[in-house]
Each structure stands twice: as structure tokens, then as C-alpha cells.
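Asks: Pasting a structure below so you can have a look.
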Amino acid sequence: MPESTTKWLLLILTSCLAFSFVLSANKPLTRKTYIVQMDRSAMPEQFIDQVQWYSSKVQSVLSESKTSDSVDNEERIVYSYQTAFHGVAAKLSEEEAQRLEQEDGVLAVFQDTVYQLHTTRSPMFLRLEPETSTTAWSPNVASHDVIVGVLDTGIWPESASFNDTGMLPVPVHWKGTCETGRGFEKHHCNRKIVGARVFYKGYEAASGVINEHDEYKSPRDQDGHGTHTAATVAGSKVHGANLLGYAYGTARGMAPGARIAAYKVCWTGGCFSSDILSAVDKAVADGVNVLSISLGGGVSSYNRDSLSIAAFGATEKGVFVSCSAGNGGPDPASLTNVSPWITTVGASTLDRDFPATVKLGTSRVVKGVSLYKGRRNLSTERQYPLVYMGSNSSSLDQSTLCLEGTLNPRTVAGKIVICDRGISPRVQKGQVVKDAGGVGMILANTAANGEELVADCHLLPTVAVGEKEGKLIKQYAISSRNSSASLRFLGTRLRIKPSPVVAAFSSRGPNFLSLEILKPDVVAPGVNILAAWTGDMGPSSLSTDRRRVNFNILSGTSMSCPHVSGVAALIKAKHPDWSPAAIKSALMTTAYVHDNTHSPIIDASTGAPSSPYEHGAGHINPQRALDPGLVYDISAQEYYEFLCTQNLTPSQLKAFSNRSCHHSLASPGDLNYPAISVVFPDNTSVSVLTIHRTVTNVGPAVSKYHVAVSLFKGATVRVEPETLSFTRKHQKLSYKVTFISKIRQSMPEFGGLLWKDGVHKVRSPIAITWFTPL
């Protein structure tokens, strides 16, 4: 290469590098929101309070050009946390976050994460009705003193479900407030909605300023999800509740006498952990007794899960925390919110259904479900042309999924269109069909959904069918040139059998974070649940839906979680001295595992009996939970002792508390949990495992319990002692369970351990797992 050419190349390269350096020097550092957890016990004496110290720590690591700018430091702090969690949320560059993590007194720094929402007949099905003065669930029970904090999308205060007529004054222990903003004033709080707060700083730091024309920057619920969950927890009685005539009856929450405190943490772009943390922190300081959190964000190690840490802090202060398990089923190990101090709730069906049928041109009638009711009714006296855009009944593409812009109006106009589930929302597929000129839709399940049917409030006549029937209909549409169908909607049907059934979408175990902690804990109604709705959104939640309803029907573990939260509020009202662990134990040990045909509860995804990986301890039984006989109590220190078995460093343990490890648990399985899960390691020399439990008598002072335990193929189980004799109330007695491996099984085995005194049945599910040697 000529020398002059080489010089020119070097000059150009040098100039480009210099220009790039100037640009990077002038380019502002990218900042993200980080949650900074602090060791409050390490605060130096010269600081007046924790917030001042937290601010100083953040100030100390800011980039040099900013360290003297106190205004910038003020803008960097998003939240400070002081009750259930200790530290701040701050806007930092990656380099600043790394420097801060090395500072004394800083326990952990982790990036803000996005959580997602896990999107009447229930009281009757749960035997909470009828309410008479002689029942355990009488309005005379002082549930009005119990306050449930609902972390969600806010609340629609005008709903009749939040009417406070006849309610007593707000309890004196309540320290919360009613924050105002667009569409939400002080008068929107009352004796039912005792508090309302809004949290958006973390969301705005990540997504930009909220457009107040599109969203309420206030506790008002535009989405509807929060109103629905709050009403399920503690909605007042509303006679004549229905969705367009479906599910007509009296709607009420699980604990209609309890109060609601709404904490709005979710926006159109999701729910950010920094906002959720602040809400938990405020809720505990405000004085809630129960926290209902129908959202999740995956599974992290205990010390890296900010919600888990905050929930530990809430539990430590006596607050019961209920969270949804997630909608990741039927995939195994799809659970979220698996910490042992959280009550993790899966979803099941009610004994109510909304049947609809498809009558094919062959005269064959296929059963399905629907909540459609509108002016675009199809005649049941005639057949309509049927079309499926696929080349066979199994292959999926954009047109078979009825995604936007994929349907040709020339092909579908005037016809009933078959659409496969997947990718886009179910109701949105109907909008696509409608826009293309279709007159109706058959929504077919795929292998991912199996035979489980979820009813939706569609915008055009639609029937949802299972995978097997869907394939049959699609094959008919493909093979017959003159295929046709008609749709019929049959309203509401009650006393469906079998029920309950575990929902296919409900997330499943095992809990790989800690196999010794069996999750989910329980299942509760979460399919086709009727509850209050926002006045700002149609029942389909589509922007094109101009219908407005007072009640809506939704499905998801988001709906099952508030059922448990509400029942927990009832138990707390009856037993105000019970710890969160005692309430959880009452819910778990009284749960049932047989349906209304007296057969084992079915898993909708397989049609086979479900296991504790699907249903946990079983389906909640509120009446029995009020009087469980015995409870497995767990103190905050005992939860901490569990953490001491999880290979966490001293610094990581400090994320939860400044407690010390007493090493009182020989293994994680020795935590006094109401469920039992034993894990034989791949070391085949380990053939005997023993776990210990302690029960507290909350029934009659003098009582005697006898044990019964399932038989297992792979292990022998021995319980010592086999009888527990109590002489006083609140007496504690211990027992041990020894598992002797006989034949290692390739799959887990399930069963149960039952203590019974002739009145009470205190049941713990059992899971035995064998790891295969490598």
C-alpha cells in the first residue's frame, strides 16, 4: 500500500475515534431504576434518619460531574422504603449501581423489574351463603375491623360493590389516606374504601410520563382488573348482579364486612417492582391486615426477589400476604410467588357454566361456551357458510390465528370463521373477524389449551370449543365445499359436575427454588368469576367495545387470589390473635381434594386426577378453615431459620432481617409447614429421611388426635407418636415422620397425612421425590 494512502487512513481513523469520543463524552449516561436495599442497623450516628443516610449513599456514587449537584440527587431518588423493606429506589447508571453495591451498609442492588397481572356464584359454591345469624359467617362477626390492601390497577368507587351503607366507623388503627387526582376525590373514599393510593414513579422512570388523557394518574381504575379483585375480596352485597344477563344473582365479596384499601401499582405498560415495593411498604405502615397481590414477575432467588423480601417484612409485622400462582399452566414448574411466607393460590372452576353449541351442516352438535349477547344474533333456524383459513386441522399460521390484517374480506364475509387460540387475545380475534365481514366465530383450542373452556364476552356471535372438537370442525370445513354451521347460546347453567376442576392455565409445581416447600398452597375459584367492573372499559377490554357494564366475568389466578385473601380476612376477624402462618395453616389443612362427584379433583389439562403440584393442599373450604382444630404456626424467626438452610451468605440473609441463625432446622423440610415434601438425593446411600412438625391446639382444650398416612410404592412412612393428646388450648405438641426409601421411583409420589379427633380432620399433602443418580 502506498505510504500516502496509509497516512490518510490513519488520519481518518484517528479523526473518527476523536469524534466518537467527543460524542460519547457529551452523551448523557443511560440511567435505569435500581432498588437499593440497605442494612438499617449500619447507619452511622451522625445521620438524623435513615432517609438522609440513604440519600447520602446515593450521592456518594454519582458521576463526578454531578456529585455536587444536590438537585440532581433529589431527582435520582424515586422512593424511600422504611417499613416492610429498607432502602431506596434510585435512577442510576450501570457504573453507579456497581459502585453503590460495594458501599458499606448496602445489602443489595437490583434493577427494577416488570410484573404482570395474572388476569355471583363463589359464596354459594364455598358455602358462605346463606348468611344467617346462626352461621359461622354471620354479619355479626367483626370483619369490619379487618382491612385488606389490594395491589392492582386501582378501584372504581361508584360501583355498588363498594357501598358502605350500614358500616361502622373506620377502625382507629387505620393510618392510611385517600390520595386524589384526576377522577378521584376525597369523597370517593368511605367506610368501605378506607384508603386509596397511587404509585407511578418507577413506571415513569422507565416508560416516560403517564399521558393523563389516556390514563388516570390517580387511584381510579380504568382497566377494571383492580375493581374486580377488590370486589371479590370484600365487595358489599349487590342483588341482581349480572353480565348482560349471564350469572344473574347476588354478588358479594368473600368478606363483605371487611374494608378495602386500594393501592394502584399497575399501568398500561405493566407493574414495576419499585412501585410495588413502595405500595407494600405504605400498606403495612397504613395498618392493613391482609395483602392481596394478583400479579407476578417470574422466580428469582429469595434474596433477589424484592416482592418476596417485602412480603417477609409484612409477615414479620403480622400481615397475611396472598399472591396468585400465575397463569403459566399446564407447564410444570411455572409458579411465581413461591416463598413459604406467601400464600400461593392456584385457580379452579366453579359449578357454574355458560354453555353454547355449534351445529354443523352434518347435524352434529358440538358443545362449547360463550358469554356473547348482542344485536348481531344469528338465526338458529338457518346454517351459515363455514370457513377455516388453514390447509389442515393442525397447522397454525397468522390467518388461522386470525391476527390483525390476515383475513381476506372476500373470503370470510358473511361466514362463520374458525380461529385458533394463540398469540392475540381471544376477544380480539373476534374483532378481526367482524372487521373482515364475518358474521360469527368458532374459537378452537390448540394443544396448549386442551379441552379447558374459558367463556368470553365477545363482540360478535362466538362459541369456544375444545381442541378435539376444534379439530373435527376444522376438518369438516376443509374437506366439505359447502360446510356450514349455526351457533346457539344457552345462558347460565348451575350445579355443573364435576367441579371444582383445576384450571389448565393455573401454574404448577414443583417449586424448584425449594423442593421441600410444596407449592401452590391451595386452589380457589378462578374461572368465569363475576365481580364489579370499571365504567371506563367494555367487558371485552377492547377499545372498540362501546358496551358498558357494572359487572364482568373474568378468569385467571388473579381471580382466585382475592378469594383466599377474603377468606383470610374472615378468619382474621374471628381469630384476631392468629399469625399469618396460623391463618395459612387453617386454609391448607382443611382444604378438600375431592369434587362434587366424590372423585379426586381433576386437572383440566389432562382429564386425569390432579396432584399437589396442581392443587397444593386442595380446594379451600372456608367453613372448616374457621375451626381447623390444629394449626402449624411459624414465627418470623422460624422463616428466617429456613432461609439459613438456603446457602445464603450473611449479607444476603440481612436482606430479610438483622436476626441471627440459630440453626434450629436440620434441613429445609423441617420448616413447620402445613405441607410435607421430602427429597431423596441422588446419593443412594441416603435411604432414611426424618422431618419434624409441631401443631398448636386451637380447638377444644381436651382432645385426642389419631394419625393416618397414605401408603406409597417407593417408601415406608412411620409417624411418631401416632396419637396426640391435648389437655389445654394453645398447647403445642410435636411429632416426627420418618420416610424409608424402598424402591426409588422415577416420578414423584403423592399422598397425605391426616390427624383426626372425630370432629376435625387436619390434613397435610405429602410429596416424595427421588433424584436419579447420574
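Heads up, residue numbers simply count up from 1 along the chain you see.
In case you wondered, yes, glycine gets a Cβ from its N, Cα and C as well.
Okay, these came from TrEMBL:
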type	residues	note
SIGNAL	1-24	signal peptide
DOMAIN	33-118	domain 'Inhibitor I9'
DOMAIN	144-598	domain 'Peptidase S8/S53'
ACT_SITE	Asp152	active site, charge relay system
ACT_SITE	His225	active site, charge relay system
DOMAIN	383-472	domain 'PA'
ACT_SITE	Ser558	active site, charge relay system
DOMAIN	670-768	domain 'Subtilisin-like protease fibronectin type-III'
Asks: Could you count the residues of the domain 'PA' (383-472) that DSSP puts in helix, in strand and in coil?
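Replies: Helix/strand/coil tally for the domain 'PA' (383-472): 20 helix, 21 strand, 49 coil.
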Asks: Mind checking how the domain 'Subtilisin-like protease fibronectin type-III' (670-768) divides into helix, strand and coil residues in DSSP?
Replies: 1 helix, 58 strand, 40 coil
Asks: Take the C-alpha atoms of Ser558 (active site, charge relay system) and His225 (active site, charge relay system) and report the distance between them in angstrom, rounded.
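Replies: One finds 8 Å between the Cα atoms of these residues.
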Asks: Only counting partners 6 or more residues apart, tell me which same-chain residues put their Cβ under 8 Å from the Cβ of Asp152 (active site, charge relay system).
Replies: Leu117, Asp221, His225, Gly226, Thr229, Ala230, Ala262, Tyr263, Lys264, Val265, Cys266, Ser294, Leu295
Asks: Which has the fewest other CB atoms in a 10 Å radius around its CB: His225, Ser558, the listed active-site residues?
Replies: His225
Asks: What mean pLDDT score does the domain 'Peptidase S8/S53' (144-598) have in the model?
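Replies: Average per-residue pLDDT within the domain 'Peptidase S8/S53' (144-598): 93.
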Asks: Let's see if you can do this one: DSSP helix, strand and coil counts over the domain 'Inhibitor I9' (33-118), in that order.
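Replies: In the domain 'Inhibitor I9' (33-118), the DSSP-based counts are 32 helix, 27 strand, 27 coil.
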